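A quick write-up on the structure given underneath.
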Amino acid sequence: MTLEHDRKGISIAVSAEVQAALDAGQPVVALESTVISHGLPYPHNLELALAMEQEVRDQGAVPATVGIVAGVPTVGMDAAAIRRFAHPDPHHPPLKVSRRDIGYVVAAGGDGATTVAATMALAHLAGVQVFATGGIGGVHRGARETWDVSADLTELERTPVLVVCAGAKAILDLPATLEYLETGGVPVLGWRTAEFPAFYSVSSGLPVAYAQDASFVARAWKAHRALGGAGMVLAVPPPVEDAIDRAVVEAAIERALNRAVKEGVHGPAVTPFLLAALARETEGESVRANVALLRQNARIAAQVATAIAGI
């Protein structure tokens, strides 16, 4: 059963479990659906989606997987919807949806897998404060020529959701991404680290503010919001046992970027192309690291959401 919230004639479905938790002031963690439909192949994508939800539950919080299901923005997708996104009709797969695409997919009555930006937007409408993902988008390498900057960054500037991630995706220009976030007034905290993680790698050499535990993150979030701030990033290094050496990742990225240029890949197709190329270059190590950090981020996000609920 879901509860329908009408917003100027547009319905937003919030699962009964999620709504009950929100009403009771209990911790809720949003999860994106792009990782289901545009991440791993079936059945690994389904296994990961369910594992992330279980990581959240194991910490005493309620998971809320976000997506657009048959034209209805949904916060707290049920098992049937998650399975449909994981193994869709090949003729009608879910569209990859950022904030700009939400209205289009709703009007078309289709399925939409939400990116970081769209997940933040819908989670906030439902009242969810914490969101776990793999990595945020950011400023792409070569953005001086292409102007390719992810909508995730502008969403963080305006939408009050705390995003728990492994930093920005490694294929991006990490220094420029941090500069953009600073300009937008978006705090970036490192989970038990003073260095910005580089997604697959533990560190990038770029400094961030140190956060020692969930209680501190919760207090920082409350203060940030009370003083008019919007989004916040909690950057969590990947598990050490699954991390990949930064030099190895950079070499693989350079080769992948050269291939992208030669093959004329551009726009929204760049990120999936590069991630697939990285998986080949690292013989699957990047995929294993991605799965490990996603599960870890879900777990830590639940701890943070619990700490926020306890203040």
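Here the Cβ of each residue, glycine as well, is placed from N, Cα and C on the backbone.
Look at Swiss-Prot and you will find Glu32 tagged as active site, proton donor, backed by sequence analysis. The active site, nucleophile feature in Swiss-Prot is assigned to Lys169. The feature substrate binding site is assigned by Swiss-Prot to Lys96, Val116, Ser150, Ala151, Asp152. Residues or ranges marked as Mn(2+) binding site by Swiss-Prot: Asp148.
In the three-state DSSP reading, Ala151 (substrate binding site) counts as helix. DSSP assigns Lys96 (substrate binding site) to a strand segment in the three-state reduction. Listed in sequence order, the residues Ser98, Arg99, Thr115, Ala117, Ala118, Ile136, Gly137, Glu155 complete the 8 Å Cβ shell around the substrate site centroid, once Lys96, Val116, Ser150, Ala151, Asp152 themselves are left out. Of all the Cβ atoms in the protein chains shown, 25 others lie within 10 Å of the Cβ of Lys169 (active site, nucleophile).
The full span of the recorded substrate binding residues, Lys96, Val116, Ser150, Ala151, Asp152, taken as their largest Cα to Cα distance, is 14 Å. Cβ-based neighbour count (10 Å, all protein chains) for Asp152 (substrate binding site) stands at 28. Highest local Cβ density among the binding-site residues Val116, Ala151 belongs to Val116, counted as other Cβ atoms within 10 Å over all protein chains shown.
Taking each Cβ in turn and tallying the other Cβ atoms within 10 Å, the top scorer among the recorded positions Glu32, Asp148 is Glu32.
On the backbone, the CA of Asp152 (substrate binding site) and the CA of Glu32 (active site, proton donor) stand 13 Å apart. Nearest in space to Lys96 (substrate binding site), taking C-alpha to C-alpha distance over the recorded positions Glu32, Asp148, Lys169, is Glu32.
Between the C-alpha atoms of Glu32 (active site, proton donor) and Val116 (substrate binding site), the distance comes to 7 Å. Counting in whole angstrom, the residue listed as 'Mn(2+) binding site' lies 14 from Lys169 (active site, nucleophile) by their C-alpha atoms.
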